[in-house]
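Worksheet: the structure to be examined is printed underneath.
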């Protein structure tokens, strides 16, 4: 209470910051008259001179901010017909300073971004603008591209339909690049699998502005980006595990904890499962894979629902993003869960994959020197943005006061009563022509509502993951007279719902939420579809005690109130107390999800340090000017020390005890280089090591003398890269396995994260050693040919090919000759070579008595 009073009197930190920004915006306004009178050419020239002063280092971006913003605003007026409001200038400054601008729907975030983009692109390092889908990336690049072009900037777009590296490289070479978070992230991973620096498409990570920043950095942060390949594991086990899972009974054989999304087998369930699999101990080491498959099969059948968590599309299981409601094409659940869902639905089971490269969005976006974001809903997650990304959220006032009325929630006992009330409300609004946007939490619920509206013969449009392609078109029309639009969470983010004067007089767009989402932000986004730029509107949520949020996370307080009131069929309760109880349930879930994301990040931070070290080394190998000869020298010695250890030849051991035969066998096998025993006999440890090192180096130098110095370096770098990539892939597989089982250490009173850090460090040391030894083995085993040998080999191949062609031509000619002459006219002497080309005399081949053979045989 006291805190709220203090805020009212003195203002919040946010209010004070906005006040300072407004004062700075006034200075930009003072420059407006100066640039208004300039011709287009003079305006362009003024901007170019600012750019040059920044690139020469004469001025900083902050020095030219006022002029840059003033010129960008004037250019926007001329080419787009849009002038930035003062609050939009504030938003531009917030973005430039690497913060998050929270701006309500319809406040023109796309236009705000142009101010920060135009300023930061002056450095010539490239600016990335990240959007949630390809449609928005293309739309914004096209619409804003006219402005950037006027200012002398090139614009690129990175979308899923760009397949070639050359096309992507061309787009990334632009001053301003629009694209989706997935495309930027995957390009980074693919770049770090390339074998040449020139093939890399992403050149820098200087500055990124993330549109709908909450959706990308919060909602999608639990899903890492993974490039994978086949893991070659048996697929039959998934079908067997699914049939065993279906034979088990809930409560009797297993318990389901929906809150924590965990399924546990009972003692009786374990026995039943062992019977189903035909094994004695489900949890023995040899059956570990079966217990894992069963766990995933139970989850697939009891925690994942079709048309809510996934859909079947063209015979494939496709994930539905729980926050956006969109289909996540190409994305698959990991750890065998996707295969378990395929077994459950009876579709083709695709091979389980092995990670080749991965990164979380948290760690990808932290690569940027400067990061900023914008969204309509960020304050509820302000602490997470600050903790994880060091991004401060600034709420920017609307240009016009929001007129939308946000009404209290209505709570019904059952889902049936709730939907009946929703239909009645839609009917009432539809009769007077007021447009309605109905938000649902899943495809299943949107299709239920669709069938109820059909029964009532109310015309409507459905927008869910199954109509993704028509999304923008459908959402644009949601503000028309009499429009009834049912939408899942996607609700066309980034697309404005505009209304005309007639709709304003009817009360504007009416929002009905049929369920509270686990996150308050998603509810606020739905509300934000109405009341843009001072338009009237209203929003209300209809809930029931059967909704997932209230059933799993809600307190008993609401249920007790409803029981005491003894509500009749169709009656509801509506009060601020109930709305607050619902928000408390949401806060619980948000807190749980935050812990989950934080947990994921803590684990990925461990892998991220290793990833950075490996990628840094990889980039050094790709750099042709980087000399790795000293590394080869060091590794050769380390490799030989390891070899001596394998042969049980250790420092301090008497030389008479050395097993030289074993050492010779290992040396020849490891390096494909023979060495005589006499060279090694009677030598002490250090002398023995030096002899081996000298012999190996001499052999290597002799081999490499067949090529010039540049070719030698290329061969060394290429072999190192191949060894590094193979070892890194294997390392990622081991890290995946480690992460899967590390949670069990908690039962042994050990912190799983601490254990993971220890174990992963040991694995990383093994990786480094493995790269050392395998690269030495590959380099010394390589077979090179001299130029003369190569030419001789080529001549031999050409001669062999020539002989083959001659024989084929001879046979073809013979075929032609005999096919055009009757047999009776063929006159061949008995001692002549047989015309069939066999090389035998005619009398011993086709001229023999008896049935004819070869070309002269009767058809």
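The backbone N, Cα and C atoms fix where each Cβ goes, glycine too.
Your range for region 'Disordered', going by Swiss-Prot and the list 818-838, 839-859, is 818-838. Most buried of the binding-site residues 106, 108, judged by other Cβ atoms within 10 Å, is 106. One residue stands out among the binding-site residues 88, 110 for having the most other Cβ atoms within 10 Å of its Cβ: 88. For residue 109 (ATP binding site), the Cβ neighbour count at a 10 Å cut-off comes to 24, with all displayed protein chains included. In three-state terms derived from DSSP, residue 109 (ATP binding site) belongs to a helical segment. Annotation note: residue 496 (ATP binding site) sits in a coil segment as assigned by DSSP. In sequence order, 103, 105, 111, 112 are the same-chain residues whose CB sits within 8 A of the CB centroid of 88, 106, 107, 108, 109, 110, 496, the residues recorded for ATP being left out.
Most buried of the binding-site residues 107, 496, judged by other Cβ atoms within 10 Å, is 107.
The binding residues for ATP are recorded as 88, 106, 107, 108, 109, 110, 496; their greatest pairwise CA distance is 17 Å.
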